[in-house]
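Shown below is the structure under consideration.
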Amino acid sequence: MGYQSNRELNGKRLGKRLDMTWIEGRFEENVITTTMEDAMNWGQQSSIWPMTFGLACCAIEMMATGASKYDIDRFGAGAFRATPRQADLMIVAGTVTYKMASRVRRLYEQMADPKYVIAMGACTVGGGPYFKYGYHVVKGVDLVVPVDVYVPGCPPRPEALLEGLMRIQDKIKARKITKGEQKLPIPHHSGYSALNV
Ligand code: SF4
């Protein structure tokens, strides 16, 4: 049976069949052909390392996501790192106070590139229950660090955080290492993301 690489399948879905026929089907079974870009993206999306980092009650849901019932390890993202230098995903889980904001920024800057941020919970997304009277709360962590995926809820359930993680995987899958500036993918509930071209 002829093997079809991810790139070719993606090309078909986009209605743009890529010409890789010169190499497809020329080798024995069990030999996989793909591009360096796809292989690197596949490796990174399957081994996201989040930072061990929680600010308030949403962090309890994040911990539940890492426990056995929801098992974030299924996505290769269970290795929570205790230092930003070994992490490439920041899950901002909880209320960001003005006092904490500069620490969040510093931790973000110490993370390895390429890095991603999930804003988890209503407090982090836009101030949440503290929006009106919480003089001490930042009204959205995107005022402090660039956010890739927003997960609303107070608190969001572990399934919602896993959905956010899959959207981060979509972004990594659609990353174009060789073509300069990265285009933002359009997330889709099927888990597949197409480039906005
Ligand atoms: S969004 Fe709700 S659960 Fe999450 S930190 Fe704020 S108050 Fe707590």
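A Cβ is built for glycine as well, from the same backbone N, Cα and C atoms used for every other residue.
Just so you know, TrEMBL annotations never went through curation; they're auto-generated.
In case it's useful when we look at the structure, here is the feature table from TrEMBL:
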BINDING   C57, C58, C123, C154  [4Fe-4S] cluster binding site
DOMAIN    57-167  domain 'NADH:ubiquinone oxidoreductase-like 20kDa subunit'
What does the DSSP secondary structure composition of the domain 'NADH:ubiquinone oxidoreductase-like 20kDa subunit' (57-167) look like, as residue counts for helix, strand and coil?
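Once the DSSP states are binned, the domain 'NADH:ubiquinone oxidoreductase-like 20kDa subunit' (57-167) shows 50 helix, 16 strand, 45 coil.
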Check the domain 'NADH:ubiquinone oxidoreductase-like 20kDa subunit' (57-167) for me and report the mean pLDDT.
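That stretch averages a pLDDT of 93.
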Tell me, if you would, which residue among C57, C58 (binding-site residues) has the fewest other CB atoms within 10 Å in the structure shown?
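Counting other Cβ atoms within 10 Å of each of the binding-site residues C57, C58 gives the minimum at C57.
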Per 10 Å Cβ neighbour count, which of the binding-site residues C123, C154 ranks highest?
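Its Cβ has the most other Cβ atoms within 10 Å: C123.
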Within 8 Å of the Cβ centre of C57, C58, C123, C154, which other residues of the chain have their Cβ, at the recorded [4Fe-4S] cluster site?
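Near the [4Fe-4S] cluster site, the remaining chain residues are A56, A93, G94, T95, M120, G121, A122, T124, G128, G153, P155.
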